[in-house]
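Here the structure comes first, spelled out in structure tokens, and everything after it is commentary.
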Amino acid sequence: MLYPLLTKTRNTYDLGGIWNFKLGEHNPNELLPSDEVMVIPTSFNDLMVSKEKRDYIGDFWYEKVIEVPKVSEDEEMVLRFGSVTHQAKIYVDGVLVGEHKGGFTPFEVLVPECKYNNEKIKVSICANNVLDYTTLPVGNYSEIIQEDGSIKKKVRENFDFFNYAGVHRPLKLMIRPKNHIFDITITSRLSDDLQSADLHFLVETNQKVDEVRISVFDEDNKLVGETKDSRLFLSDVHLWEVLNAYLYTARVEIFVDNQLQDVYEENFGLREIEVTNGQFLLNRKPIYFKGFGKHEDTFINGRGLNEAANLMDLNLLKDMGANSFRTSHYPYSEEMMRLADRMGVLVIDEVPAVGLFQNFNASLDLSPKDNGTWNLMQTKAAHEQAIQELVKRDKNHPSVVMWVVANEPASHEAGAHDYFEPLVKLYKDLDPQKRPVTLVNILMATPDRDQVMDLVDVVCLNRYYGWYVDHGDLTNAEVGIRKELLEWQDKFPDKPIIITEYGADTLPGLHSTWNIPYTEEFQCDFYEMSHRVFDGIPNLVGEQVWNFADFETNLMILRVQGNHKGLFSRNRQPKQVVKEFKKRWMTIPHYHNKKNSVK
């Protein structure tokens, strides 16, 4: 899906700002009362003073009367949503015009043509934040009958982050040609000497056109190639490299009877990805991933788009010598992906497939029992849709170097292989760049119990030795994690290993002479132990800390106003360990052939 840009043939109007708002039922044929308002884009939760409203589950409404811009007879009007979490129904003047399920990918709805001559239209958005065993993420949904006979809806999350909800990303009103560019796919093949590239363009239009013209510009806006065919050869190319991004721009124009119908510009980078011999190669050089699992999570905004925080986070990431992040545990905003492209940051791109086990307590149970997860889950349709929409959205981003099919599912239980095999294949069939696919493995899915890692290209592990296992005992933890990593390497000698989560909750300012858990001293010792092990595993090609910053969670005995595993506090202030990471990561090259340095 194309990002909403202003071009010669397209107008975009930002509908963000203050909207009328209501939790609960509403008839869209009536006006929504204006006694309560809400911001778009943002999460509604943390703007609520009332705890009951903050934790509300069910339908909630946004409504606004907007001016109708001029629309010519050969144009159409579209409402384009960056995301609505988790379900949405869109009404224009009380009439349902579109709906979408899935809270982290964009969608659009056409405004009926009969409304184009109206002076104003009323846009109503019915959003819903219910999660159950058919949705991604997964939640345990229940209904409680209150004393007054009313029904209270409740979701017990199968995941360890707060169920923020709302119109989280930009809402645009677009005026575009009826005959328009629907999608653009760009692929490339680099020459043996990496000095030139063959480009292929697939331009999809919603109507037949006579001609497609493609012009490619470099970063100085100099024309470097043009074609009326689907192919183009570029010489003396600049590669997209780690923290040294180079973006070309493809201007696509479509014509009928020599008349311009639509124009759109898509950025792209030239780079090559390969997984081979236990290494992850970018432009034929081995990469070492240094970075983080993150969350879209800030004060007041919740999960709503915060572009200032995005930029601050990537500035802090680069300052530490890091080069990557994972979009844990859902697709991040299009704005963040475009920023990563521009800054040369590697992205491991994840669908919202989190909570794929019986319940959250089951995820903490390290015993080998089978909880019957794959007989319980009804998420297949939602999972397929999430993969399709993510690949459609992110396929051209050079920053995206790997797809994630799920985070910490019950991959050790019977039925896991049958569930994931077609989903991994779906990724590979859909992705025009044929990126590697991985699954982020849960702690109890050890090499002898896991049933799915044979399906994926890279072994990604979330491991908490010294925290959830051998809590506070770093001596035993070091023995345990080294033993398991060597077992994974022996089982899959040709697959690289990335630690996608490791960490320890740490309260800023809490100290101890004896380095006990939750102190800043223990966090430093925890990571020192972990890195000592990582450095001795030849196939281990990356370390992504859990987490970049502290973040909000649902209520549980393990959480004191959120998860505190961040290297930074929630307001992005560094903990003591940040300087230790900076020392380490500044000495590890981004391109690092580890097999040459590990004996």
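Cβ from N, Cα, C; glycine included.
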Of Trp488, Trp514, Trp546, the one that Swiss-Prot places in the same D-glucuronate site as Asp160, Asn407, Asn462, Tyr468, Glu501, Lys565 is Trp546
Whole-Å Cα distance, Asn407 (D-glucuronate binding site) to Glu501 (active site, nucleophile), is 11
Quick tally, other C-beta within 10 angstroms, Tyr468, Trp546; top of the binding-site residues is Trp546
Simplified to three states, DSSP reports Glu408 (active site, proton donor) as coil
One finds that other Cβ atoms within 10 Å of the Cβ of Asn407 (D-glucuronate binding site) number exactly 27
Span of the recorded D-glucuronate site, as the biggest CA-CA distance among Asp160, Asn407, Asn462, Tyr468, Glu501, Trp546, Lys565 in Å, is 18
For Glu501 (active site, nucleophile), the spatially nearest of the recorded positions Asp160, Glu408, Tyr468, Trp546, using Cα atoms, is Trp546
Surrounding the recorded D-glucuronate site, with Cβ no more than 8 Å from the Cβ centroid of Asp160, Asn407, Asn462, Tyr468, Glu501, Trp546, Lys565 and those residues left out, we find Gly293, Glu408, Tyr464, Tyr502, Gly503, Asn547
Quick note, Asn462 (D-glucuronate binding site) and Glu408 (active site, proton donor): C-alpha atoms separated, nearest Å, by 8
